[in-house]
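The structure appears below as structure tokens.
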Amino acid sequence: GRVEVYHDGKWGTICDDQWDDRDAEVVCRQLGLSGTPKALSWAHFGQGSGPILLDEVQCSGNELSLDQCKKSDWGQQNCDHIEDAGVSCDPFTVLTFPSLPLTEGTVRLAGGRSPSEGRVEVYYNGDWGTVCDDGWTDLGAQVVCRQLGFR
């Protein structure tokens, strides 16, 4: 969708000047999504309304959030909404290619009513095994969800 950011009490858009897949990678990471990030320009998902809050965003792709990327000052831009930046994160890329080789530490959810819930299983030494719940917290659940491409 169209990327919008919240700053100083307002939601606004990002101008697509310098917008590329490295920026999209950071947006997807910030949203907790994995998969194949793709930057989209020229208001691909429609023009926003309100302020255009960021311009000239230039991420290396390793940042955890857009805040850490090189960019113009908040509100400093020379764009119109026809240049609103968009992103496709495609969180299910890995799930649609089951023939990919499994690597140690790959996780899956089993026995749930939907792909987003279930018993946590980990691939190790050629087999799938379960995870003991001793010391299991929301933090562990967040890691698993992010590893699976969920928010």
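Any Cβ shown, glycine's included, is placed from N, Cα and C.
Source: prediction; values computed, not measured.
Disulfide pairing as given by TrEMBL: among Cys69, Cys79, Cys89, Cys15 connects to Cys79.
Listed in sequence order, Asp23, Val26, Val57, Gln58, Cys59, Ser60, Glu63 are the same-chain residues six or more apart from Cys69 (disulfide bond) with CB atoms under 8 A from its CB.
Taking the Cβ of Cys79 (disulfide bond) as reference, residues of its chain lying under 8 Å away and at least six apart in sequence are, in sequence order, Cys15, Asp16, Asp17, Ile52, Asp55. Every protein chain shown contributes to the tally, and the Cβ of Cys59 (disulfide bond) ends up with 23 other Cβ atoms within 10 Å.
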